[in-house]
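S.K.: Please read through the structure below; I'll follow up with questions.
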Amino acid sequence: MGKLYKDPIGTAQKAAKAIAKITGKDKHDVALVMGSGWISAADALGKPTHEFAVTELPGFPAPTVAGHGGKVRSYKLENKINALVFLGRTHFYEGLGMEPVAHAVRTAVKAGCRTIVLTNACGGINLDYKVGQPVLIKDHISLTAASPLIGADFVDLTDLYSKKLREIVKAEDPSLAEGVYVHWRGPSYETPAEIRMMRTMGADLVGMSTVPEAIAAHALGAQILAISLVTNAAAGVTGEKLNHAEVIAAGKAAADRMGNLLAKVLPKL
Ligand SMILES: O=P(O)(O)O[C@@H]1C[C@H](O)[C@@H](CO)O1
Ligand SMILES: Nc1nc2[nH]cnc2c(=O)[nH]1
């Protein structure tokens, strides 16, 4: 896999070509990356025209995290746009480096997608949030400080989580909150002291994904919409211990609501 990442964009180009071959579609318009427990939300998009294993594409390692399927789906949505859905992702904490973390969104952009929708499961730092609540990401704080970009690629991030796209989604569901997401490398969850630090820094949500994908896709010109599902109160808020099974269960419980929201907004993005 290492040699594939000597040229990450070239490998993404190859994977995009493979998607066009498998699906017979020379262009996809919007891509979704489904976070932990979000897989069943994708079912609300109807019947895919194609579903295949992510490992059929160059540069994709098999997902290793429960709640992350190793599948890609292609959909023809109501207004004829083609949607590419990755049922799962690779995380920075898997130790494979940043290239495989950013590979899916780079592939999606090379397949023609100008809009990337990132979803995730996260911890609620903001005490107003409830478990099962979706939150639109309006900005992020990268506590890993690790970027998928290499070289003099000085990308502006002042509107990384597109305000225009957030307005479109809020028009569909005005009750949606907006928050600041922290990328924590993981795989360990945070300590209560780290959560208090993040709250002091102005963070509302904490997770282990999304940020490198958003940066990599935006660097290639894509507009980003990111939606977090609060699957648990962050460490120290309730005193309860955290576990991944609880994260998956909360994702599944909210799948219908999340799926309906995605199905409504996708064709409008
Ligand atoms: O892929 P996401 O960010 O939804 O998964 C979150 C972060 C970790 O992978 C996992 C921890 O429970 O859930
Ligand atoms: N870092 C982090 N990721 C999560 N994913 C789901 N819940 C959490 C959490 O509390 N912290």
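Start at 1 and count along the chain as shown; that gives each residue its number.
From the backbone N, Cα and C atoms, a Cβ is placed for every residue, glycine too.
For reference, TrEMBL lists these features for the protein:
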| type | residues | note |
| --- | --- | --- |
| DOMAIN | 31-266 | domain 'Nucleoside phosphorylase' |
| BINDING | SER36, HIS68, ARG89, THR90, HIS91, ALA121, SER209 | phosphate binding site |
| BINDING | GLU190, ASN232 | purine D-ribonucleoside binding site |
S.K.: What does DSSP assign ALA121 (phosphate binding site), in three states?
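M.R.: Going by the DSSP assignment, ALA121 (phosphate binding site) falls within a strand, counted as strand.
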S.K.: Give me the long-range Cβ neighbours of SER36 (phosphate binding site): same chain, 6+ apart, Cβ under 8 Å, in sequence order.
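M.R.: For SER36 (phosphate binding site), the qualifying residues are VAL65, ALA66, GLY67, HIS68, ASN120, ALA121, THR231, HIS244, VAL247, ILE248, GLY251.
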S.K.: With the Cβ atom as the reference point and anything under 6 Å counting, tell me which of the binding-site residues (THR90, GLU190, ASN232) are near ligand 1.
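M.R.: If the test is a Cβ under 6 Å from any atom of ligand 1, the answer is none.
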S.K.: State the Cα to Cα distance, in Å, between ASN232 (purine D-ribonucleoside binding site) and SER209 (phosphate binding site), rounded to an integer.
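M.R.: Taking the Cα atoms only, ASN232 (purine D-ribonucleoside binding site) lies 16 Å from SER209 (phosphate binding site).
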S.K.: Which binding-site residues out of HIS91, ALA121, ASN232 lie by ligand 2, going by a Cβ under 6 Å?
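M.R.: ALA121, ASN232, by Cβ distance under 6 Å.
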S.K.: In Å, rounded, how far does the Cα of GLU190 (purine D-ribonucleoside binding site) sit from the Cα of ARG89 (phosphate binding site)?
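M.R.: Just about 21 Å between their Cα atoms.
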S.K.: Over the span of the domain 'Nucleoside phosphorylase' (31-266), how high is the average pLDDT in this prediction?
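M.R.: Value for the domain 'Nucleoside phosphorylase' (31-266), mean pLDDT as a whole number: 95.
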S.K.: Taking only the residues the record lists as binding phosphate, namely SER36, HIS68, ARG89, THR90, HIS91, ALA121, SER209, what is the largest Cα to Cα distance between any two of them, in Å to the nearest whole number?
M.R.: 14
